[in-house]
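K.L.:
According to TrEMBL, the protein has these features:
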type    : residues       : note
BINDING : THR71, SER72   : FAD binding site
BINDING : TYR192, ARG247 : D-dopa binding site
DOMAIN  : 107-293        : domain 'FAD dependent oxidoreductase'
Amino acid sequence: TGPARHCKTSFGARDFGGFQDCFFRDRPMDTARIAVVGAGVVGLSTAVCISKLVPQCSVTIISDKFTPDTTSDVAAGMLIPHTYPDTPIHTQKQWFRETFNHLFAIANSAEAGDAGVHLVSGIKGSGGWMLTRRIDDLWELYPSFDIVVNCSGLGSRQLAGDSKIFPVRGQVLQVQAPWVEHFIRDGSGLTYIYPGTSHVTLGGTRQKGDWNLSPDAENSREILSRCCALEPSLHGACNIREKVGLRPYRPGVRLQTELLARDGRRLPVVHHYGHGSGGISVHWGTALEAARLVSECVHALRTPIPKSKL
């Protein structure tokens with residue numbers, strides 16, 4: 001298998017037939033076709049886990065935005081435990097432990113320098129496709145795909161009809177301050193200074209229900225003032241860039257399988273979204289769980305339905 005291939009397209013839902021012919025004409029007949037909707041850290045890590053854990057499958061990542069235009073690109077990328085009120089504590093600990101072990105292995109590998117804060121790249125060693133397009137209804141992917149994995153974050157308000165998920169706006173500053181080598185974070189976590197490989201991230205804001213993706217000048221002034229109070233040397237920071245991202249908040253991460261049915265058709269969907277600001281901290285653990293759910297769906301598809309005896 002080769003690296004992932006990226007395809008940009010704007011064709012409509014009815015044109016998926018040509019897409020299907022192009023992408024899957026050489027696949028074995030028993031290969032399960034899996035679409036992952038969403039290309040943030042959750043979607044990409046889920047695609048990697050599926051390709052590792054689910055045999056005989058082809059994986060296609062579909063999103064209207066890829067790096068550097070995702071919410072994950074705005075995040076500072078710190079591994080900090082987050083709490084999800086609707087999720088059992090032991091499950092959260094497992095997700096965090098598996099994610100920590102995964103990132104720790106990267107940090108101690110030869111690829112650590114290249115990985116930086118982007119711990120999952122868009123190049124999958126086990127093969128796959130990346131398709132740029134907007135999905136307005138998961139049924140658009142039927143019958144080109146056998147299983148759909150919904151990692152669309154805030155997009156799930158529309159795609160899954162989930163009113164529990166809402167945005168928490170985060171604005172940060174990315175600055176050049178190479179002398180800053182250690183992170184600083186206040187007790188509430190609202191003000192933070194996180195050094196990265198190419199810039200230092202200064203934050204931040206938590207604005208619930210705010211969908212505005214445009215930078216706010218007053219927010220920027222407040223962030224810089226708060227961060228300079230923690231680290232006065234930041235008065236000398238240069239190349240200041242404003243970034244905004246919308247955290248996909250939900251009372252608990254949604255990790256479950258749903259069987260969609262319409263006009264006699266069935267489409268298994270694995271939902272994997274709602275990480276809020278904790279996506280970086282648990283993405284690998286939850287992606288492994290999502291991959292296990294996908295594996296169960298594939299097994300169900302390949303298991304013949306027993307015929308009833310009269």
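Keep in mind that glycine also has a Cβ here, set from the backbone N, Cα and C atoms.
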K.L.:
Within the chain of THR71 (FAD binding site), which residues six or more apart in sequence place their C-beta under 8 angstroms from its C-beta?
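P.N.:
Result: GLY40, GLY153, GLY245, LEU246, ARG247, PRO248.
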K.L.:
Using all protein chains in view, find how many other C-beta atoms are within 10 Å of the C-beta of SER72 (FAD binding site).
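P.N.:
There are 25 of them.
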K.L.:
I need the CA-to-CA distance for TYR192 (D-dopa binding site) versus SER72 (FAD binding site), whole Å please.
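P.N.:
TYR192 (D-dopa binding site) to SER72 (FAD binding site), Cα-Cα distance: 17 Å.
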K.L.:
Taking the Cβ of ARG247 (D-dopa binding site) as the centre, how many other Cβ atoms fall within a 10 Å radius?
P.N.:
22
K.L.:
Looking at the domain 'FAD dependent oxidoreductase' (107-293) alone, can you tell me the average pLDDT?
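P.N.:
Within the domain 'FAD dependent oxidoreductase' (107-293), the model's average pLDDT equals 91.
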